[in-house]
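Now, the feature entries from TrEMBL:
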type     : residues           : note
ACT_SITE : 70                 : active site, proton acceptor
BINDING  : 198                : heme b binding site
BINDING  : 199, 250, 253, 258 : Ca(2+) 2 binding site
DISULFID : 39-119             : disulfide bond
DISULFID : 72-77              : disulfide bond
DISULFID : 125-328            : disulfide bond
DISULFID : 205-237            : disulfide bond
DOMAIN   : 29-332             : domain 'Plant heme peroxidase family profile'
C-alpha cells in the first residue's frame, strides 16, 4: 500500500503533471487553493459530516463517490444530479441509472448546511461532491489527493443525457469505452481505474440478475461468472424475487478501498457485467491493467488519483457561469431556494 503520508505528495505531483498536459475539456480555472481565502476549512467540514454519516451507514462513502461520477458524466461536474423536479426542471434523479438507486442526497444537504454555516454563499454543490468523493475514498483506506476546486453549479438538469451518457452495469466493454471517450476520458487506464471504485459499496439484484438466468437472451447464466459465485447470487436473487436486495460489489473487503476488486475479476467474481467485461473480453487492452492493479495496489491507487482528477475536470462551470446554489436541490431564486433543507440535521 502507499504510505498515507505520501498520498497528498503523490497527488500533488499528478496534479502538476496532468494540469501541464491534457485534461478533458475546460479545466484552467480550477485550483486546489480556490477556497483558501474564503473557506479554508471546507474539506474538514465535509469530512466531519461524512464521518458522522459513516457511523450509521457504512455504504455512504461509495454512494457519494457514485453521485460525483454520475454528475460528471452528464454535461460535466456541475451538481446537476442534485437538482429536484420543478415546473421547469426534469431531475436527473429520475433517470434510469439514478432512479431508486442514487442515494446520499440527504448527506449532501447536511454537508451543504454545515459549509453554509461557516462560509455563506461561497462553496458550490459541485465542489462539495468532488471533496466528498475524495474524503470517502480516504476514510475507506484508499488514497487521498488534492482536489482541484472552483466549479460552479448548473442552472439546469439533463435527464435525457443521464439516460444516455452514464455507463450502465449491463453494458459491453465496447459501449463502456464509447461513453468514456465521449467525455474525454481514456478508454483503458481511466476506465479500469475508475471502475475500481466498485471495491466498496453495494448493488441491487436488478443490476446483475440478467447475468444469473438469461444472459444476453441466451436462457443461460453468463458463462464468465464463477459457478460457485453464481450459485450464491442465485440464492440471494431468485427469479421473481425482490430485485432491490443488496449485495457487496466486492465480496472480499466490501467496505475497504483496496485492490481486491481486481483480484475478484481474475477469478470471474466481478458482480456486474460491466466489471467482468474488463477482464473477460477476449483480447481487450484492459486485461493487462486489471492484472497489474491486482498485483500492485500502489499502481491502482496512483492511477485512480490521476483518473479522479481527470474526471473531476470534465466541463466544469467556472468564472461567472452558473451559480453558487444556496440549496443543492434547487437553483437560486426559485420558490423556497433560500431555505436550506436542514430538517435532517
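A Cβ is built for glycine as well, from the same backbone N, Cα and C atoms used for every other residue.
Keep in mind that TrEMBL annotations are predicted by a computer and have not been checked by a curator.
Each residue contributes its Cα atom, and for residue 39 (disulfide bond) and residue 70 (active site, proton acceptor) those atoms are 26 Å apart. What surrounds the Ca(2+) 2 site, by Cβ distance within 8 Å of the Cβ centroid and not counting 199, 250, 253, 258, is the set 200, 252, 254, 256, 257, 259, 260, 261 from the same chain. Here residue 237 (disulfide bond) is positioned 26 angstrom away from residue 258 (Ca(2+) 2 binding site), judged by their C-alpha atoms. Comparing CA positions across the recorded positions 70, 72, 125, 328, the one lying closest to residue 250 (Ca(2+) 2 binding site) turns out to be 70.
Listed in sequence order, the residues of the same chain lying 6 or more apart from residue 77 (disulfide bond) and placing their CB within less than 8 Å of its CB are 68, 71, 126, 129, 130, 151, 311, 312, 313, 314, 315, 316.
Listed in sequence order, 199, 200, 260 are the same-chain residues six or more apart from residue 253 (Ca(2+) 2 binding site) with CB atoms under 8 A from its CB. All chains included, 16 other C-beta atoms sit within 10 angstroms of the C-beta of residue 119 (disulfide bond). Fewest other C-beta atoms within 10 Å: among the disulfide-bonded residues 125, 205, 328, that description fits 205.
Looking at 250, 258, the binding-site residues in this record, the fewest other C-beta atoms within 10 angstroms of the C-beta turn up around 258. A gap of 20 Å separates the Cα atoms of the residue listed as 'active site, proton acceptor' and residue 205 (disulfide bond). Sequence-distant contacts of residue 198 (heme b binding site), defined as residues of its own chain at least six apart whose C-beta falls under 8 angstroms from its C-beta, comprise 249, 250, 261, 271, 272, 275. With residue 237 (disulfide bond) as the anchor, the candidate disulfide-bonded residues are 72, 119, 125, 328, and the one with the nearest CA is 72.
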